Amino acid sequence: MTKLYQILIWLSSVGVLTCFVKMYVLMFLVMSVIIVLSSKFIGKSLSKAVVITDIAVLVSAFFTLKSSLGLILPLGYSVFAFSAISLIINQYRDYKNYTALEILCYLFFFPKIFAGPIDRADDFVRQLRGKKKPTLKKLYLPIKMCIFACFYKFVIADRLYILCNDDYDGLNEVCSILCYGVAFFFDFYAYSIFAVAFGKLLGIDLPENFNSPYCSRTFRDFWKRWNITLGTWLRDYIYIPLGGNRISARQWILNILLVFVISAIWHDLSIPFIVWGITHAILLITERNLNIKGNRYYGAFVFLVCTLLWQLFDVNEIEDFVFRLIKVTEYQPIDNSIVVGVFVSLCALWFADRSSTKDIIFRHKDSDRYILKEVPITSIIFVLDILLANNPSINFFYMKF
């Protein structure tokens, strides 16, 4: 029964991926065969050459595809590559006897392949091997998560994106930048909730990817809360192998710059993304050198800077970003719609960051008191989804990476 379940998981994942990437699925299949064979070979001979070769193939394919496709990767390749690299390295460090089918399920699992979260093979395979017993309670939680994810994406993010355009100057441009930063968060947050929800429907608990990042008191804290699984991957496979915190100050600075440049390149090879990565690295370096501990006022500064830097994801050239900064200094009468957008953004963040809201989304308790609070709130969100979702689409921003 477990084998049939794994076959269905893999076939459905390949089918979903094929719908989005068409013929590129053949490339995924060929590379997955290489990973499977390499994994078995590592178990027999513990060869560094195999590990290095596999990583070189995955990385070179990344740059080749980026250059040949005009900076657009086939959907899902980035997460596929990160998953494959972590699998190969972990197999080298501590070999586990995974079957070929288990490795294929891990690499292709469709809820996470498009934009994460990036999980680890050991945890994934352990769940894959576990006994599955569908119940109504297990079905209820992911459905509830999808209701909130629809609200965050189609009601909040998509509507805020509409308000963000190039027609604003002065304070209106500042408001537009803030709205974009909040919309960007809810867009990615909603995708991650969908991924975890669909994973649960298939019997796999994927890691949560966000922990109230805009409540961070420092930039270091922000990167512990935003895209958590990518940050953890970069820490475990790049930052720590380079020495982590146990090195000289100069080497640490170089390592931080390298990690953030790699993170930027993972998003895109263009100059704005590299500037984004280097800027965040400089902010972290400055924060550490000045021994900034953070408080609510500095936290507000962190929020404003992070939302501003997301503008680098929305421009093609660095000159466009500079032009937007210049527009902030120009005068324009206040546009009430964008001001309302900022108010709605802050209210939405307050709602999403409440621990009680996250408990309702991600957890289920049987107590009467909890149910009396959960059911009305979830019902209201469901009604708002129906009434306010405006031409919903699955065009999530992070799926382009």
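Residue 1 is the first one shown; counting continues down the chain.
Quick reminder: no glycine exception, Cβ is built from N, Cα and C everywhere.
TrEMBL: automatically predicted annotations, no manual curation.
Values in this document were obtained by computation on a predicted structure and should not be read as measured data.
The transmembrane segment annotation in TrEMBL covers 6-37, 71-89, 101-119, 139-156, 177-198, 252-285, 297-313, 333-351, 371-389.
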Maximum Cβ pairs under 8 Å to the transmembrane segment (139-156) - stretch from the list 6-37, 101-119, 297-313, 333-351: 333-351
Distal contacts, the transmembrane segment (297-313) - CB-CB under 8 A, six or more residues away: 177-178, 180-182, 184, 213-219, 221-222, 267, 272-273, 275-276, 279-280, 283, 321, 324, 397
Beyond the flanks of the transmembrane segment (71-89) by at least 6 residues, Cβ under 8 Å: 17, 20-21, 24, 27-28, 31-32, 35, 38-39, 42, 50-51, 54-55, 58-59, 61-62, 65, 103, 106-108, 112-116, 118-121, 230, 233, 236-237, 266, 268-270, 399-401
Residue numbers, six or more beyond the limits of the transmembrane segment (333-351), whose CB comes under 8 Å of its CB atoms: 152, 156, 160, 163, 168, 171-172, 175-176, 178-179, 182-183, 185-186, 214, 357
